[in-house]
Amino acid sequence: MSETLQGAGRPVPAESSWTPVDGRLLDVEDLFVEFRTRDGVAKAINGVSFSLDEGETLAVLGESGSGKSVTAQAIMGILDSPPGFITGGRIRYCGTDLLGLTEKQRREVRGPEISMIFQDALSSLNPVFPVGWQIAEMLRVHRGANRSDAREGAIRLMERVNIPAARQRVNAFPHQFSGGMRQRIMIAMAIALDPAVLIADEPTTALDVTVQAQIMALLAELQEERRMGLILITHDLGVVADVADRIAVMYAGRLVETADVHPIYAAPAHPYTKGLLASIPRLDQKGQELSAIGGLPPNLTRIPPGCPFNPRCPYAQDVCRHDPPPPLIEVRPGRRSACHFTDRVLADSEVEFDHTHPGAQEEGR
Amino acid sequence: MGTYVLRRLLQMVPVIIGSTFLIFVMVFAIGDPAAGRCGDRPCPPAYIAQFRAEYNLDEPLVVQYGLYMLKVLQGDLGTAFNGQVVATELLNRWPTTVKVALIAVVFETLIGIAAGILAALRRGRFLDYLVTVSSLVVISIPVFVVGGLAQLVLGIRFGLFPVTSTGGSWGELVLPGLVLGAFSVAYIARLMRGTLIENLRADYVRTARAKGLTPRRTIGVHALRNSLIPVITFIGYDIGALMGGAVVTERIFNINGIGGYLFYGINTKDGSIVVGTITCLVLVYLLANLLVDVLYGVLDPRISHD
């Protein structure tokens, strides 16, 4: 490709070097990641496939340790290796397999094309450099901007993410900002080079509720404005509903269900998703005990045989314990689920979620 | 910042008074300061009378100390038994000690930081083990053994360095400087390795990688800048500590510096030398500490001196 010829002296990345194929930005295919630790090999990702289109928001849901963040880090190419190793699969960006690129070529994707924001903005920003400097670093390193241009660019980006008095605060340090403002700075840094894909790894988990809403609104606005593909990693179902177009639910390093956002809320097709949705506190069911999914996610060094969810699953039968994990298959148009009993789960949740909701409200009035 | 420095300088006053008073009491008030002055024989009464008069030893302790400090403030640290003026002698010897300490600081900074960085980046491999094991060995061996070995091996066996000092030229002071800095070089290497390994795992280093920065920039700018904070702080404290540490080293290499002078003063039970020298060392130590605290605020923006 022309990438290698352009070399180090690429002043402004040619817009044409990365163009989506039929609107498709990212295509993750059968990805496997494992962590080789002293306690054994933890199989963090076990055959994950999904795709992301221009202007699309994909929410990746799951408990801690389900492999959400590892998937994101594998796409970014910032897995700590060792101990983390990608042992199989492909990550195609605009048709090119990122895993086949050299480290130098990947650095030209990481930041300018695909960028990422993290959960804890305070620890994710370098404490000893001014925030403006950290934003400007993107422009200086990737675009070759000089100090003053990069500084002006940083101020414009800070203004874009609605940081008040950006010009006065450009030289302030991360600890001098509030949590929400720090996350805005992370966002400004991530969008500095106008990336096509933004990965947000639990961007609002460390923030309080009102600030969460502001940050989500900002992300949605930026995504709309720049037609970015947004991968939103979260374990908070409440955050997802307003923003996401599609949802992918992960469990023990596998996708267990993918669907458009509304059908999944109306009737989940996988017992795990059903459990997650049932555990959301609801305004119309005050005073009731919250239902929780019993048990814990499996230890990734010792994933149980069969379907990894079987020890916690109310639908589990012998087939779930003995047969290989069920594949992710299309159960309705645009919906995929990895369960032997999808039809039963769907039938049950259509009753539970579609009918109790308005029914409960009426009874309450 | 200005008011902070002023406040710290004022806080030094009680520390100086307290430490010099303790030393003064230990040297002049405990036991008979005139004992053993004249070898095995008892001293002549006239000599003892003159000695006691010079140090006001017949006055109450606080008055003795007050009169002594009054003279110190005027730059008069007293006269040694051999007739030398202590203040003049200290001034003459000061450059030599500073030279040794300077060699030690340069040595420990360059080698310690470099070894620490290399060990952190080659973690778990040969170079890492080489640095961690050899630094542990150096830390475990007392300085008089290191000094003696260095003299024997590097000085006599290989003839690389002179083993004693006569005039205090730079060449003569290289080996003592290396010996003086040996402990700190090992300590700094371990400190640097530890903080760098810790910082390489930090979230902001992950952010730097996610920004598409080269490993050189990720480590050299983002991780290193943070890792250097404790190391530079230690080096600052060490400047003060090296002056005191010079006592043993200067004795081993027969260097006419402050440390050697203090050793001589203790050996000859010369109170003027001991109290005067230690007062100077306390002052240097306190100033080094102040410097470090000010530097800390400059290096780490999270620390404010308002």
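Glycine too: its Cβ is placed from the backbone N, Cα and C atoms.
For B:12-31 (among others), the entry in TrEMBL reads transmembrane segment. Away from its own ends, the transmembrane segment (B:12-31) comes close to residues 55, 57, 61, 64-65, 68-69, 72, 271, 274-275, 278-279, 282-283, 286, 290 of its chain (Cβ-Cβ under 8 Å, at least six residues beyond either end).
Annotation comment: TrEMBL describes B:94-296 as domain 'ABC transmembrane type-1'.
Taken from TrEMBL, the feature transmembrane segment covers B:100-121 (among others).
Summarising the annotation, TrEMBL assigns transmembrane segment to B:133-153 (among others).
The annotation transmembrane segment is assigned in TrEMBL to B:173-192 (among others).
Per TrEMBL, the feature transmembrane segment maps to B:227-253 (among others). Among residues of the same chain six or more beyond the transmembrane segment (B:227-253), those with a C-beta under 8 A of the stretch's C-beta atoms are 97, 100-101, 104-105, 108-109, 112-113, 116, 143-144, 147-148, 151, 163-165, 175-176, 179-181, 183-184, 187-188, 191-192, 195-196, 198-199, 259-260, 262-263, 281, 284-289, 291-292, 295-296, 299-300.
Per TrEMBL, transmembrane segment is recorded for B:273-299 (among others). Same-chain residues lying 6+ beyond the ends of the transmembrane segment (B:273-299) with a Cβ under 8 Å from its Cβ atoms: 1, 4-5, 8-9, 12, 15-16, 19-20, 23-24, 27-28, 68, 72, 77-78, 80, 86-87, 89-90, 228-229, 232-233, 236-237, 239-241, 243-244, 258, 261-262, 264-266, 305.
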Same-chain residues at least 6 beyond the ends of the transmembrane segment (B:133-153) whose Cβ lies under 8 Å from its Cβ atoms: 115, 161, 163, 175-176, 178-180, 182-183, 185-187, 189-190, 245, 248-249, 252-253
Intrachain residues whose Cβ lies under 8 Å of the transmembrane segment (B:173-192), provided they are six or more past its termini: 96, 99-105, 107-109, 111-113, 115-117, 119-120, 131-132, 134-136, 138-139, 143, 146-147, 150-151, 154-155, 160-163, 165, 227, 230-231, 234-235, 238, 242, 245-246, 249-250, 252-253, 255
